Amino acid sequence: MLDVNFFDELRIGLATADDIRQWSYGEVKKPETINYRTLKPEKDGLFCEKIFGPTRDWECYCGKYKRVRFKGIICERCGVEVTRAKVRRERMGHIELAASVTHIWYFKGVPSRLGYLLDLAPKDLEKIIYFAAYVITSVNTEMRHNEMSTLEAEIGVERKQIADQRDADLEARAQKLEADLAELEQEGAKSDVRRKVKEGGEREMRQLRDRAQRELDKLDEIWETFTKLEPRQLIADELLYRELYDRFGEYFTGGMGAESIQALLQDFDINAEADQLRETIRSGKGQKKLRALKRLKVVAAFQATGNNPSGMVLNCVPVIPPDLRPMVQLDGGRFATSDLNDLYRRVINRNNRLKRLIDLGAPEIIVNNEKRMLQESVDALFDNGRRGRPVTGPGNRPLKSLSDLLKGKQGRFRQNLLGKRVDYSGRSVIVVGPQLKLHQCGLPKEMAVELFKPFVMKRLVDLNHAQNIKSAKRMVERQRPQVWDVLEEVIAEHPVLLNRAPTLHRLGIQAFEPQLVEGKAIQLHPLVCEAFNADFDGDQMAVHLPLSAEAQAEARILMLSSNNILSPASGRPLAMPRLDMVTGLYHLTRQLDGAKGEGQSFSSVGEAIMAFDRGGLDLQAKVKIRVRDLVPNAEQRPEDWEPGQPWLAETTLGRVWFNELLPEDYPFVNDLLPKKRQAAIVNDLAERYPMVTVAQTLDKLKDAGFHWATRSGVTVSISDVVVPPNKTEILDGYEAKADQVEKRYRRGALSYQERNAELVKVWTAAKDEVAEAMEANFPEDNSISMIVKSGAAGNMTQVVQLAGMRGLVSNPKGEYIPRPIKANFREGLSVLEYFISNHGARKGLADTALRTADSGYLTRRLVDVSQDVIVRETDCGTERGIRMPIAEKLPDGKLLRDAHVETSVYARTTAEDVTDSDGNVVLARGSDLGDPAIEKLLAAGVTKVKVRSVLTCESGVGVCAVCYGRSMATGKLVDVGEAVGIVAAQSIGEPGTQLTMRTFHQGGVAGDDITTGLPRVQELFEARVPKGKAPIADAPGRIRMEDNDRYWKITIIPDDGSEEIVYDKLSKRQRLAAISVDGTERQITDGDHVDVGQQLLEGAVDPHEVLRVMGPREAQLHLVREVQEVYRSQGVGIHDKHVEVIVRQMLRRVIIIDSGATEFLPGSPVERSQFEGENRRVVAEGGDPASGRPVLMGITKASLATESWLSAASFQETTRILTNAAIEGASDKLVGLKENVIIGKLIPAGTGINRYRNIQVQPTEEARAAAYAIPSYDDGYYTPDVFGTGTGAAVPLDDYDFGRDYR
């Protein structure tokens, strides 16, 4: 087999019949599979050993040769080669067809490639292929032209003969009629008898005339058809074709079925056709030009690749290896077989029957029918169900054809190539492990011994506990005591990977050092739950074991949980104290007035602790303590304080204890710490300290949090839910107000909608008042309020539902039900209240289920479009960048920090020197914008910064590190080789489930829903035209408005005096857009001035319009802004750079308008880098460059338009992409991740990128000298510890045997 790491591209093309015969090891002639008595394959059948190889290793069919020593011999009795049985997975056979058949992919795909090539409509093509019409394949025009007069004369003679015959017959009939009438007259017959005879005679004469006329018409038609006969002409009338053939057979050839298509293809002149089409495109207009463009795509593909078009018609069909379509015996003697075997059997049966019919010389009609059936059976084999009804197996199930094996989630690509199962894994339920360090996990002993079995066995043999591997295995299985000691030793420092499904982002798999635990549950560190989105209500996790040294190193350095504290999406810590820990730290840092020991002073922390232990001092009492090891913050710092000096802190003992958890030089924190403050401190630590310190501090915070949460006595009981005593009075007051509204409604003073709106107002106010009363009524030390105030769990609205009132609930449409639920959960709901509150809640659950599926599909498309965005170089050297605001100057001269600095400017690189108002450089070009740098800029009064962005990056492939900026997950400049595209896709997809599905009814837009949440994100990324789109101004100018009863009409009079731009029929259901004039907002009116790209109506703007009017940069920024809007509204912080990576992929292509001297086809999408490169080449050679316009592609379309056919085929529309790729002879350069995963190469990202793979070790001078010293070892084999102990000389690397070839 070819080693996968040694090829750089993969090409796909059309196979000709010769190729198929070359691959084949023999022809399959019989439909038999295996002999049901002997269970051995039948000779010449679908499982034949002679063709495909032996079923048992080194054994021929008849048993003459058995054993490996006969390797390679072909048995003279049965003809089977003696070799390994696994060749049955790679050897192919073939079926020689008795008649050609077309390949259904090329004839039936949309658009039909065969139809485009031959310029035949798919309908006509189908008629020809399935024997419903004849097609003319060639016409000898010269011979026809030369002999035209002779032929015409012959036809003339024939016409005359028919006319003469007709006249003679009519004459005879007329005479007979006269004689009959005369005879009747003599006999004196009645008049009606005479009339009848006369009418009968006339009728017969009419028939004679008609018959002759029909014959003449037929002659005319035949002659007419013959004179105009052209190749590729269809003749549906069989009689007409027969007549033509009988009369003029030597002047043309024709036929039906795939053979005639093959004849057409063989005579087809690709170059001439291509030139003609190019001419049509140059000179043509409208439909003609469009059709020529589409045809040229197919024709040019054949021209460029030199593929032979007759490969689209098959004379033989390949048979895939039998072990890929196995047949297995079930209990009870029945067989289960792959559907392919049934499909192949139908082909072989029909083919054999056709051969027999042809040999017997059967009539044409019967043979044609059999040929049609053969065509249909080959169609079903390739793509069952593409044409007509699918072939079904038992139970009416459509059989799975070759195409179905590749398609969809269960197809080869997605099931087996992109997602493989791994050995060395286990799974179990998780429980919390509060005693673990951040980088540890608890692994159940039994699971560990199974996972590490080979390691344990080897070590048992090394330590002479066992004689050989077999006895070591027995020891492990019997769980002898020595096994546990060895296991401890083996797992030390050997990380394992833990994964929790669904793995929505890269933190869903992290590495830990295992600690052996009793029981059967995996223990997980509480701080990594957030990243895994895990809880301990029965979640399960999988364990995987990295085996090779490289894998272990990567797991330890890149994936260890203590190195993954920051979120790759926002760059902020994910490992935060949560739940109990928050409560504990909150309790620890509270300060209570009047607590025991308040106002005392202590000479040292130790003294205070002693007082606390004796019960003389409360944890939360305000005291003064002399501290030595802590650093005072700005407020507490004495005038002349030097580091290391003691100072007097006015604080509580709890806060001193808290500060002892933080790094030594961290300024003293003297505040109450709810969750937000704790998060800010962890954030600050992550910005200022190395990861190791942060991890250690987090562990200390976790331990302290649990310790003090236990001692805080926070518990929840029903008596903690205190209902405010004045609740009924409050509600009675509002009940009266509601009655007033009802009265006004009954009197007709309010409409139904107004009444509802009024009631909603009344009851919302009631709920707020009850909530205030409830908060005021809660005791200071109430557990529930403590949990909420500390930010550990829950929020005030939930407490209001528990202790205040449930309030208004909405129905599934999202409208409020105007009757409130007055009860709370403490008092209990009535049946009606319970029912209406359930109504909306159930909708919420159904919504979540739908959202999960939608969000998963969005992530998949995002990954697909961005998978080949990898950091390929450190700096692309571009001067371009994007200006971003970091602050706004207020009228009083103060700076107001921009709300979105966190997600826009933070973690980027400056694109130019940043100067203050005096021109002093505050930050040099290329500086990293972390929190300290941004603080510095704000202090210097800077409001806008020009930053590097992936949108302006000029790297040809992927992006460069400086344009991307800081990697959010490490806090440093991103490494070359980082797969930033996939990180971006995960960061956007992972919070997808949190986005709402609902479309909100917004006031003012009657009946029009404004799309928000997940559907809006999809609409943006797919670049769809939004529902109710808002027009934008094409040019700056004044506007003139006209107002009809149903529509607005807006006209823009451009400033530059060009012609007016009219926007007609703008629906009045959309309000006019707001503009701000002199700081006040109002709607646009007649005579206002608008800028280019300004919205004229409210609603969403069409991104394609933005691209057309404002250009690509604005379109990109617009998409980033709009996507961020949705995520921010849900409180999700994702950095802009992730959205930018995706948007960059959407605008990578240019549509060719005019191809100039290049090879591009007009109307085809081309990668921008390719377009620019080709233009440079053409201009250098003195030709005209191509012109094109940027085009915005949705992510699905962009994925399918990727250069890599492997990646596109494994995404969607597999057959269409493979069809196209084969015609174009597409070659996959294997640059993205997916292509390499599919063929099993290391991915070109991270440690697999070329510049890391091609590193060579250069020995130092000393090592070189030592290499030739006399070695001090006896045997030729060195144990690995030789290297560590310094015995002997350095080992020459060239001689050292690593067990496999690393070079």
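A Cβ is built for glycine as well, from the same backbone N, Cα and C atoms used for every other residue.
Reduced to three states, the DSSP call for Cys78 (Zn(2+) 1 binding site) is coil. Residue density at Cys78 (Zn(2+) 1 binding site): 16 other Cβ atoms are found within 10 A of its Cβ, drawing on all protein chains shown. The Zn(2+) 1 binding site annotation in Swiss-Prot covers Cys60, Cys62, Cys75, Cys78.
Per Swiss-Prot, Mg(2+) binding site is recorded for Asp535, Asp537, Asp539, and the stated evidence type is sequence analysis. DSSP assigns Asp537 (Mg(2+) binding site) to coil, not to a helix or a strand. The number of other CB atoms found within 10 A of the CB of Asp537 (Mg(2+) binding site), across every protein chain shown, is 6.
Annotation for Cys963 (Zn(2+) 2 binding site): same-chain Cβ neighbours under 8 Å, separated by at least 6 residues, are Cys876, Thr878, Thr909, Arg948, Ser949, Val950, Thr952, Cys953, Ser955. The Zn(2+) 2 binding site annotation in Swiss-Prot covers Cys876, Cys953, Cys960, Cys963.
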Closest of Cys60, Cys62, Asp535 to Cys960 (Zn(2+) 2 binding site), Cα positions, binding-site residues only: Asp535
Additional residues around Zn(2+) 1, ordered along the sequence, whose Cβ is within 8 Å of the centroid of Cys60, Cys62, Cys75, Cys78: Tyr61, Gly63, Lys64, Tyr65, Glu76, Arg77, Gly79, Val80
Cβ neighbour count within 10 Å of Cys62 (Zn(2+) 1 binding site): 14
Which listed residue (Asp535, Asp539) has most other Cβ within 10 Å, given these are binding-site residues: Asp539
Extra residues within 8 Å (Cβ to Cβ centroid of Cys876, Cys953, Cys960, Cys963), Zn(2+) 2: Glu873, Asp875, Thr878, Arg948, Val950, Thr952, Glu954, Ser955, Val959, Ala961, Val962, Tyr964
Least Cβ-crowded entry, counting other Cβ within 10 Å, from the binding-site residues listed as Cys60, Cys75, Cys953: Cys75
Among Cys60, Cys62, Cys75, Cys78, which are recorded as binding-site residues, the nearest neighbour of Asp537 (Mg(2+) binding site) by Cα: Cys60
Cβ packing number for Cys960 (Zn(2+) 2 binding site), 10 Å threshold: 21
Candidate nearest Asp539 (Mg(2+) binding site) in space, where candidates are the binding-site residues Cys60, Cys62, Cys75, Cys78 and distance is Cα-Cα: Cys60
For Cys963 (Zn(2+) 2 binding site): DSSP state (helix, strand, coil): helix
Residues close to Mg(2+) site centre defined by Asp535, Asp537, Asp539, Cβ within 8 Å: Ile430, Ala534, Phe536, Gly538
Between Cys75 (Zn(2+) 1 binding site) and Asp535 (Mg(2+) binding site): CA-CA distance (Å): 64
